[in-house]
Amino acid sequence: MVQITLPDGSQRQYPGPVTVAEVAQSIGAGLAKAALAGRVAFDGAEPRLVDTSFRIDNDAQLAIVTAKDADGLDLIRHSTAHLLAYAVKSLFPDAQVTIGPVIDNGFYYDFSYKRPFTPEDLQAIEKKMAELARKDEVVTREEWSRDEAVAYFKGIGEVYKAEIIASIPSNETLSLYREGDFIDLCRGPHVPSTGKLKVFKLMKVAGAYWRGDSKNEMLQRIYGTAWASKDDQDAYLHMLEEAERRDHRKIGRELDLFHFQDEAPGLIFWHPKGWALWQQVEQYMRKVYQDNGYQEVKAPQILDLTLWKKTGHWDNYRENMFTTESENRVYGLKPMNCPGHVQIFNAGLHSYRELPLRYGEFGQCHRNEPSGSLHGMMRVRGFTQDDGHIFCTEDQLQDECAAFTALLQKVYKDFGFTEVLYKVATRPEKRIGSDEIWDKAETALMESLRRTGCEFEISPGEGAFYGPKVEYTLKDAIGRHWQCGTIQVDFSMPVRLGAEYVDQNDQRRPPVMLHRAILGSLERFIGMLIENHAGAMPPWLAPLQAVVCCISEHSAEYAAQITQSLKKQGFRVQADLRGEKITRKIREHSLQKIPYLLVVGDKEMQNGTVAVRGLGGLDLGVIALDDFIARLAEDISTRRNVTQLASAA
């Protein structure tokens, strides 16, 4: 007898070995039809995903996985990647297959082919995929030896797949999945048949180096998306359209904020307007430092390699570090700021009475990211972090973490982000420090979130070897998630670099070090801001807060006077004194997403007033200049958004 325990605790008895599909069928025809895989666990072991054809020989716990489960959606996407490869091989037999993983919201598959795939090719491939899905071919799992698999794939000319398999230890049994005439290496599991794959779309083709190495052949990567329902896919495609409209690279060009060029890959050329936006963000964060007990510091850009070896960065991060040599010494361009802050801490001997000691820096970092991964301001090689480090005692951990989370929530709200997701990454199997101190650190992080009213997820084992962390993820205006802030407990670096304080018993002890950032990379955060607001920045952030437009040359001098008056008040304002029609001026400045347009003609000049238009169709009519000044000052002090006011009007 085999006893199967279901998620609701109920148990079912079977006279002998039973497959996942048979269990689903015994529960109901609807579940059997919806079943994509099973999640099975034996004798209290960790559950694992298996095919519906998986045979259960012993008592087990089993959950039937359907398209409603996150695992089910991943199965659909991974199986659709194989369906893509099947279709490509059907249409282009000379193409060679390589790898095809699941990614966020979809999948990709890399191919080697003698010519680039065209948009017409993608249409034909997608049509072929739909045809193969309609055939509802059974997907079966086969086990091969490594050498058998290498010989097979070499024999059919699949040299890339043979190379992948040859790198697997010879004593491992491999799983291959077959659907129709196509067979591919895969750990699985897969959907039981191609007919389960109903909703998918190929998105684009791009270049990708074999094994991610620029010295290797350039392959063609076909991206696709797959979903459990057409409604889900339609919502995703709509979000993509909106994301394209909001793309910070496009808006950056249109609003003359910044640009990129080939001579500086992964680096940004900031234009005056863009740098004005940057300055507002940095100055805001500088005040955050000042108001919350941080001392701003500045550490060197390059440090001798011996220091990076002491911290462990060289062993674990060297591929991402830029180096330079001078006078027979090798230096590393800093990829992060923490070692420099420890050196500043070590410059003097500190008493426990001085702790917590909080350092903050707008630290410029450089990381040698692969060229293929660079993406506007979201993934760069040179960036600035609002990086801070807190040196404290174990007893101060919880208060410091709670204060940081409360501060982070306020900062995000000020920038227009009100939805934050919280995740606590706990101790990994390989770690340093006693269980007692890990208990204290993890408890401090979780309790700090509870104290600030946060619901959070726990990611077991995802902490660093030197301490647990909290990750803070923002949700933007179109529902995308961006991981920005973090606070991480570090028991290791203070010890490695000899950081000490004198405790109340006159004993020297290493402090606990908290790595913390709210915005993360300022470049990336500004890119997020641009996309979240679709370029229409609230007045407190806008590079230009207002433009004063004269209707004719008669009112040009009055427009110039108003502009100067506003500038003296500290506002960022320009005058448009051109002899163009006022309708053209209004259109041009509206496209530049200026929060306020002040229009002045003979009537306004005679009465000492201004006609005020706000972004998003807000019309304040004709008002006194002092009233506008008061309004703009309130917008800035409250960080109010003009477009939100317009939509509420």
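Note: Cβ is positioned from N, Cα and C throughout, glycine not excepted.
Among the features that Swiss-Prot reports, domain 'TGS' is placed at 1-66.
Taken from Swiss-Prot, the feature region 'Catalytic' applies to 247-538.
Residues annotated as Zn(2+) binding site in Swiss-Prot, with sequence analysis given as evidence: CYS338, HIS389, HIS515. A sphere of 10 angstroms centred on the C-beta of HIS389 (Zn(2+) binding site) encloses 27 other C-beta atoms.
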Suppose the Zn(2+) site is CYS338, HIS389, HIS515. Which further residues of the same chain have a Cβ inside 8 angstroms of that site's Cβ centroid? MET336, ASN337, HIS341, VAL342, ASP387, GLY388, GLN488, ASP490, MET493, MET513, LEU514, ARG516
Could you put numbers on the helix, strand and coil content of the domain 'TGS' (1-66), residue by residue per DSSP? 14 helix, 26 strand, 26 coil
CB neighbours within 10 A of CYS338 (Zn(2+) binding site), counting all protein chains shown, number 21
Including all protein chains displayed, how many Cβ atoms other than that of HIS515 (Zn(2+) binding site) lie within 10 Å of its Cβ? 22
